[in-house]
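First comes the structure, then the notes that go with it.
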Amino acid sequence: MTQYWVIIPAAGVGKRMQSAIPKQYLTLNQQTILDVTIARFLTHPSILGVAVGVSCDDEYWPLSEWATHPQVIRYDGGKQRADTVLNGLQVLQAVGIDGHTDVLVHDAARPLISHSAITRIVEHKGEFGALLAVPSKDTLKLANDSSCSQGTVDRSVIWQAQTPQKFPLGALLEGLSTAMEEGLEITDESSAMEQLGWQPTLVEGESTNFKITVPSDLLVAEALLASKAFKGQQESE
Ligand SMILES: Nc1ccn([C@@H]2O[C@H](COP(=O)(O)OP(=O)(O)OP(=O)(O)O)[C@@H](O)[C@H]2O)c(=O)n1
Ligand SMILES: C[C@](O)(CO)[C@H](O)COP(=O)(O)O
């Protein structure tokens, strides 16, 4: 069975969460969001290890239950998420991962990823990479600067990108480096690869794989983890 390394960008400050500490260190059922995310991957049979990018002055990481685990590499993140991902790619290259080897990138702030979704992305075979994504369920509006609707977007062609996103290590290094050198604002790996003309496959994600971004997201995540139905679904995987 092919096994994969996962880069987990966890060097953000969580401004939108408005919390006293970086949101990846807030707790869900007595575990930090970051530790929950790492556990989801290291308990999946297709995952070889994780490289966790944290802020260079992060004082919380040493308290992680994974801080000394042999399958976990801690490295310094960067100013933007793309910098943190790029640093992680360079770390994996430095430890000998071949440039043709696919790697996954998954936000630390998406702790409720299911094993079945991880399986879908690792089992996807295609030459242009892949990412989890969900088709828009709502009607979408174009807004002007005064938050007034300027029209409605055809939602049949709109998908919301999630993570993991999967690309060959060398190609992703090239895509991210090129896009950043050109000053493009890169908010996910697939947007960098699209600049190289890649057309990554959108693999079915799940609404429970949402990114914990604002305070209400934490309430939803806690409610899901407390629900027997969700727990049963995760344990039955
Ligand atoms: N310089 C950065 C910025 C973000 N991230 C990570 O990228 C993921 C998604 O980013 P986001 O949800 O935007 O996290 P923050 O940047 O922390 O949030 P905010 O934009 O509200 O500050 C998070 O796991 C975050 O820790 C990172 O590794 N390095
Ligand atoms: C990578 C991502 O989660 C895909 O939707 C998203 O782009 C991250 O954006 P953020 O502003 O860094 O949270």
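Quick reminder: no glycine exception, Cβ is built from N, Cα and C everywhere.
Note that the coordinates shown come from a computational prediction; the quantities given were computed from them, not determined experimentally.
Going by TrEMBL, these are the annotated features:
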- R16: site 'Transition state stabilizer' (SITE)
- K23: site 'Transition state stabilizer' (SITE)
- R155: site 'Positions MEP for the nucleophilic attack' (SITE)
- K211: site 'Positions MEP for the nucleophilic attack' (SITE)
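What TrEMBL annotates, mapped onto the structure for a quick look.
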residue: R16; record: site 'Transition state stabilizer'; DSSP class: helix
residue: K23; record: site 'Transition state stabilizer'; DSSP class: helix
residue: R155; record: site 'Positions MEP for the nucleophilic attack'; DSSP class: helix
residue: K211; record: site 'Positions MEP for the nucleophilic attack'; DSSP class: coil
Give the residue from the recorded sites K23, K211 that has the most other Cβ atoms within 10 Å of its Cβ, counting over every protein chain displayed.
K23
Using a Cβ cut-off under 8 Å and a sequence separation of 6 or more, which residues in the same chain sit near R16 (site 'Transition state stabilizer')?
T213, V214
Got a sec? Which of R16, K23, R155, K211, the recorded sites, have CB under 6 Å of any ligand 2 atom?
K211
Work out how many Å separate K211 (site 'Positions MEP for the nucleophilic attack') and R155 (site 'Positions MEP for the nucleophilic attack') at their Cα atoms, rounded off.
21
Long-range neighbours only, meaning 6 or more apart in sequence with Cβ under 8 Å: which ones does R155 (site 'Positions MEP for the nucleophilic attack') have?
P135, S136, D138, T139, L140
